Amino acid sequence: MIERGKFRSLTLINWNGFFARTFDLDELVTTLSGGNGAGKSTTMAAFVTALIPDLTLLHFRNTTEAGATSGSRDKGLHGKLKAGVCYSMLDTINSRHQRVVVGVRLQQVAGRDRKVDIKPFAIQGLPMSVQPTQLVTETLNERQARVLSLAELKDKLDEMEGVQFKQFNSITDYHSLMFDLGIIARRLRSASDRSKFYRLIEASLYGGISSAITRSLRDYLLPENSGVRKAFQDMEAALRENRLTLEAIRVTQSDRDLFKHLISEATDYVAADYMRHANERRVHLDQALAFRRELYTSRKQLAAEQYKHVDMARELGEHNGAEGSLEADYQAASDHLNLVQTALRQQEKIERYEADLEELQIRLEEQNEVVAEAAEMQDENEARAEAAELEVDELKSQLADYQQALDVQQTRAIQYNQAISALARAKELCHLPDLTPESAAEWLDTFQAKEQEATEKLLSLEQKMSVAQTAHSQFEQAYQLVAAINGPLARSEAWDVARELLRDGVNQRHLAEQVQPLRMRLSELEQRLREQQEAERLLAEFCKRQGKNFDIDELEALHQELEARIASLSDSVSSASEQRMALRQEQEQLQSRIQHLMQRAPVWLAAQNSLNQLSEQCGEEFTSSQEVTEYLQQLLEREREAIVERDEVGARKNAVDEEIERLSQPGGAEDQRLNALAERFGGVLLSEIYDDVSLEDAPYFSALYGPSRHAIVVPDLSQIAEQLEGLTDCPEDLYLIEGDPQSFDDSVFSVDELEKAVVVKIADRQWRYSRFPSLPIFGRAARENRIESLHAEREVLSERFATLSFDVQKTQRLHQAFSRFIGSHLSVAFEDDPEAEIRRLNGRRVELERALATHESDNQQQRLQFEQAKEGVSALNRLLPRLNLLADETLADRGDEIQERLDEAQEAARFVQQYGNQLAKLEPVVSVLQSDPEQFEQLKEDYAWSQQMQRDARQQAFALAEVVERRAHFSYSDSAEMLSGNSDLNEKLRQRLEQAEAERTRAREALRSHAAQLSQYSQVLVSLKSSYDTKKELLNDLQRELQDIGVRADSGAEERARQRRDELHAQLSNNRSRRNQLEKALTFCEAEMENLTRKLRKLERDYHEMREQVVTAKAGWCAVMRMVKDNGVERRLHRRELAYLSADELRSMSDKALGALRLAVADNEHLRDVLRLSEDPKRPERKIQFFVAVYQHLRERIRQDIIRTDDPVEAIEQMEIELSRLTEELTSREQKLAISSRSVANIIRKTIQREQNRIRMLNQGLQSVSFGQVNSVRLNVNVRETHATLLDVLSEQQEQHQDLFNSNRLTFSEALAKLYQRLNPQIDMGQRTPQTIGEELLDYRNYLEMEVEVNRGSDGWLRAESGALSTGEAIGTGMSILVMVVQSWEDEARRLRGKDISPCRLLFLDEAARLDARSIATLFELCERLQMQLIIAAPENISPEKGTTYKLVRKVFQNTEHVHVVGLRGFAPQLPETLPGTQTEDTPSEAS
């Protein structure tokens, strides 16, 4: 026998008065004895808190503040705790001998709300030796201990091997563990279940009859028949769904044509517009691409024209600039020619003037010579006259002196005086103060030498004077020539400059002689330089045209390469037309082939669509017509096999349905007639009595009763013997067993149980051996199990039958589709894909177009290359002869060098031309420049000074000589000699004076005549000089003008200037002709550019419009495509065969479908509005929305339980397959599902009878319970009168109310509610719906009234109410009821829990002193009989001889409050044993 679980102990940690206290609980009754405030209620509160840790329920009334409102947070728990961590733990051992410690950690929460934090936990696998207090406390010393926190407890337990610690976040999980381990009797799944459990504990704790429990005894004692209720609900739901499905089938059948019509027209309407937009989008894209290609081509042409225009404009600009420069050069050349001609005329004038000047120069020179000679003669005459005058004066002076001397005494004294005078004059003249007559001789030699020197110098000066006098006029002429050539200069420099000019003149004449050769060489070099420049220009132009720079060495190779290229390009250009013609012919052939394929493509696409549908339907790929015909034969064979299998599955399904119907009979009667016979005989079916047999026991009882398991148990067989006569409506074998149906057991047989079998000894000579059936059906659990397996099998069979039926129909339709395909499309379906061929041909056409464009481009490029090569060869033909010129890099330098030499030579020629005559005249007279004509006066002064010096020297020598001569006169003088000498001298002087005067007269006459002649000559010279100066000034002006003209007026200058002008004129003419050509070409290019620009603007406008249209359409198209893909309708709308229809044909098709759709959706407001919106041509997505709306509308009208698809098109196909079959099947299903009102009444009655029997069994346990005047307690269960009437009507008079139960608009629950209202019109149903009322009427508990009755004294049986009973009687009665509830819970929960667990039973009773000793003894007896633990509390010991008693005394020690506990076990013959650990006081210590 399974042992019942027990609570071993209760541990309180840190509660008020209990620091660490463990109460060992007795197996029966534990008594808490003590005065008021001793801690009895606190201990019980700790137990209840650990049992139900739900703060929303805990409410300890005796400690709640008096007058507290419901808003108070404190429900009596906060004040029972101390600050810090608190624990309440229950140590239990279950039926499996597993020790389980469950409990809660409590902690006061700071604040005014007096909240308590609770954390439930459980400990499993704890060794028996470990006490609970050891787990949660830590001993610090002998007098102190500390309470561990929950985390520390967890860590401590984790260190213990085999111990499991669980902390729970929800109370449901906590109670679930306690239920599974057998600590509580009922699984508390919800707050409502916890509330019931707490109300039970509360009623037990506070005693008395709980009104909360007695009012809801049905909820506590009667189990909810959820299986029956769920069966009714499932049945109703199935019926409702069945009816809705049948109605949907009928509606769908009526709307099938509308489906087809609506889908067909909607598809045509939307697909035509969809494909038209797709075609238009493709056309627009093609047009946009064509526009873009043409735009790019035009842009390239415009860019080429622009480049060409830029090149021509640049070239024109160059030519314009060159023309300007050429015009300027031409004008300059013309002006230069004019200047040269002017210069030549000027040169002629200059030459005439120079000739005149030369003539005047000659005459002027001649006249100058004449004047010079006249001046010289005049000077000579003047000198002669002056000399004559001087001589006359000197002679007169001498004559006077001598005359005077003649008058003095010619004495020696005079001589002496004269000697002295001579000596003094000698001293004075010779500046010799120390001169003596003796030294006079010496000084005389000296002064004579000086005189000789002075005389020589004077002679030299005389010679110079003579030369100067003769060259005076020549010097002036030579100086004038030098000044005219060199410009103003110092006269002292004239000789050196003249010599330099003569030397330079020789060089200049040499250079001037080279002018003509140099000019010819320069002309030749300039011509070559111009040719070189022209060649360089041609080379630069050639390189520019070729786009590459070439070296001179590469030109010949390039010329050969270009000639070879011309030869090859000429062949390519000549063959290009043939290639173009071949490409165009191939293009035309491709176009005709594409047109043919486009006509054939729709037919092929229709065949492919049909073939694809067949492939999708059958899951096969067909590659030839032979495979199609072979598959058709396979379909026929498959159809035959499927039909055979469908019939087999249908037969098996019907058999399962019959078995389910048979097992579903009320009471387990497999034959419906047995129920009627049982009611007729007043008995009960044996299957009903054993209806509660568990699934494990079902095989045993099924084998025990064998064939008699369908027997009827009757109270008395003799009373029904007469009824058996003439009984025909019954099974072949009817078993009747005599016995009390309320207390029937299996004692009527003698049974031996074997291994999976029994031997039943029916009689001494008749045994029956029955094996346990593998599939028992005895008892409700076995039947439900079998029915459940049959239902599962039936579901599989139904699904298989439906699948096979659908496959048969599908195969038949597939056969028809194959037949249609073979008749219509087989001939074209397996031909090559025309669209692939079209794509290939289009690709080839694009390649041809590209090849043509490339060919045209290449041809044009080749022509351009050909022209460029020809131009390059032409340019090279002009360049190659001038390669030497191009290679001659020194030509310009040589030209510059020759130019410089020519300039020097021309400068020399101009110099010679200008000064040649002067140099020729200067050369013979250059020597006269050695003496400056302006130094003649100086020379004369020098001569006069030399003469004076010679005279002074002569006088000094004469004085010295006179002194030397008169040395004798110093002594004496011969006076006779002196007198005779003086007379001779005087005579001579007179003669000479006369001669001198005559000479003076002649000199004066000659001077006057020569002066007149000199004046005449001077006048002629002045006139010549004036004419010469005028001519010279004019010549200088002409030379300046010639210099200002700045040209060389040589003999070839005019020819060169004219040739240069003609060359520039030719270049200018060529430039102007080229410019005119360029202007014309530029005008044509501008016109072409303007045309291209207009075309480009138009193309850009068209392209942008088209692109904007494409982009706009793309945005709409993207929305359309997104909508199409999101809704999965692309396959329906993208009908490729429509792509080959024109826009008008598609628009016509869409318009026709639109007209049909307007009529089709006229009655549907939503579709009508969507269709009206979809007619907007600018919003193509609205047509998709309409199509989706149509599909959605059709999907909503498709029942998924009927048709296994969301696609209305497939739904239409499946409709035709499924509708007829489903109609049949659902009709039969409804007939099978429909339950009769009689069956419902029988089920409810049987359930009521079963529960009444169970309550009677519970009452048997309460018969011996007595409390005070209460002798017995029982539960009375009665059927309500209104509900009994309802059951009678359902079972007997259901025909009168078939209008309710046969109505398709009402469910069975609603019909039952309507019937209840019809039978009880006086009852107000309130706001409840018929469905709710009907569901309540299907619950058997609502048919019963349950109340507690007590047999009290002389009053007999009366209703148990607290007012009619004493306090002790009420407590005992309430406790009895609670024990009954606990037992009922255990019976109800037995199926949910393991069979090897018997849960703990424990109740509370506070203030048990209100019971007398007899009542207490009754409680003890009840606990012993029911194996129940009880915790009671009373001020005094109630029954210390039984159970365990704890004496609690609250004491205060040193301001510390604690409870002193003493525990005693019940009295026995031996001395009472003190419980361990209860003799010492519980002295709490402060936690360190």
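Glycine is treated like the rest: Cβ placed from N, Cα and C.
The ATP binding site annotation in Swiss-Prot covers Gly34, Gly35, Asn36, Gly37, Ala38, Gly39, Lys40, Ser41, and the record cites sequence analysis as its basis. Around Asn36 (ATP binding site), the C-beta neighbours below 8 angstroms that are at least 6 residues distant in the chain are Pro1435.
Residues or ranges marked as coiled coil by Swiss-Prot on the basis of sequence analysis: 326-418 (among others).
Sequence annotations record features per position, and here Swiss-Prot assigns coiled coil to 444-472 (among others) based on sequence analysis.
Feature annotation from Swiss-Prot assigns coiled coil to 509-602 (among others); the stated evidence is sequence analysis.
Positions annotated as region 'Flexible hinge' by Swiss-Prot, on the basis of sequence analysis: 666-783.
The coiled coil annotation in Swiss-Prot covers 835-923 (among others).
Taken from Swiss-Prot, the feature coiled coil applies to 977-1116 (among others), supported by sequence analysis.
Per Swiss-Prot, the feature region 'Disordered' maps to 1049-1074. If one looks beyond the region 'Disordered' (1049-1074) by at least 6 residues along the same chain, the residues whose Cβ comes under 8 Å of a Cβ in the stretch are 319, 322-323, 326-327, 329-330, 333-334, 336-337, 340-341, 343-344, 346-347, 515-516, 519-520, 523, 530, 906, 909, 1042.
Annotation source Swiss-Prot lists compositional bias 'Basic and acidic residues' at 1051-1065.
Marked as coiled coil by Swiss-Prot: 1209-1265 (among others).
In the three-state DSSP classification, Gly34 (ATP binding site) falls within a strand. In the structure as shown, the Cβ atom of Ser41 (ATP binding site) sits within 10 Å of 21 other Cβ atoms. Note: the compositional bias 'Basic and acidic residues' (1051-1065) comprises 13 helix, 0 strand, 2 coil (DSSP; helix = H, G, I, strand = E, B). Neighbour count (other Cβ atoms within 10 Å of the Cβ, all protein chains): 12 for Gly37 (ATP binding site). Of the binding-site residues Gly34, Gly35, Ala38, Gly39, Lys40, Gly39 has the largest number of other Cβ atoms within 10 Å of its own Cβ. Other residues of the same chain near the ATP site, with their Cβ within 8 Å of the Cβ centroid of Gly34, Gly35, Asn36, Gly37, Ala38, Gly39, Lys40, Ser41, are Thr42, Ala1433, Pro1435, Leu1448, Arg1450. Across the region 'Flexible hinge' (666-783), DSSP assigns 42 helix, 26 strand, 50 coil.
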